[in-house]
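In TrEMBL this protein carries:
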TRANSMEM  26-48  transmembrane segment
DOMAIN    41-290  domain 'G-protein coupled receptors family 1 profile'
TRANSMEM  91-110  transmembrane segment
TRANSMEM  140-157  transmembrane segment
TRANSMEM  197-216  transmembrane segment
TRANSMEM  237-260  transmembrane segment
TRANSMEM  272-292  transmembrane segment
Amino acid sequence: MEPRNHSGLPVFLLLGLSEKPEIQSVLFGLFLSLYLVTVFENLLIILAISSDSHLHTPMYFFLSNLSFSDICFTSTTIPKMLLNIQTQSKVITYAGCITQMYFFTVFGLLDNLLLTAMAYDHFVAVCHPLHYTVIMNPQLCAQLLILTWLISVLGALPESLSMLRLSFCAVIEVPHYFCELPEVLHLACSDTFINNVVLYIVTGVVGFFPLAGILFSYSRIVSSVLKISTVGGKYKAFSTCGSHLSVVSLFYGTCLGVYLSSTWTHASQRGVFASVLYTVVTPMMNPFIYSLRNRDMKRTLRKLLCSILSSQ
């Protein structure tokens, strides 16, 4: 039954990953499992870092904040999707759609900037090891964290506020499982030229410059590592940065690919599933990637899990 609109505001219908009734229970079980695993893994990372004084370093400080951001990032989309499947309703209100887009952008930008801060931390650790503790002091780490939050909160405003100037039909079908900004723009009834300009500018500024900073940091890291004479020294330096580089590649590869392609074309099934990679799979894989390649993290996680199990 088509929802009625009594307020004069448009109503959005999230069509989800599939409209086939027979697979809705499968999708619900799958995404509920993925969401719970994501939240559990990232909470474990936060608890492990906060409980072990040996992990109170800049790298783990930013990692714990990345885990918190990943929980929030996933929580902006998946709970609403699960609720829609459970209630057999596809409706999201106009205010709900704008709010979802805003917070989705905030935590997406926060992830992006935290990865940049972690790249800078690796750069200082590898290229300036003797001055590392002086440069990466607690005050600088706190300032970088506050700066990432400010840029994320303010950087998400232009895109979301510019949506308020658009007019939509009474009921809009969004071929997605959440209100993704580029896709909603395609469905507007009014001219979206200004919105596309804002989208390009914000994506360029908060996407290009952090990525350029990451690439610059790793170019200097590679240059410094190649000067190390011993094979063991090179391996240790590269292994320190390998986890972070894997996460950066996964995040940027899927996120930029989806956003750039959706600017010119409407969402296809392939594009929607690509969105799953950076909204669900990447936040779920981050703790696994970091703990798998890090002895200190694996040791702390084992101790934490043993203490939790023993207290039961």
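Numbering starts at 1 and runs along the chain as displayed.
Keep in mind that glycine also has a Cβ here, set from the backbone N, Cα and C atoms.
As a quick check, the transmembrane segment (91-110) and the transmembrane segment (140-157) clear the bar of 3 or more Cβ pairs under 8 A, pairs 6 or more apart, so the two touch.
On the 0 to 100 pLDDT scale, the domain 'G-protein coupled receptors family 1 profile' (41-290) averages 86 in the predicted structure.
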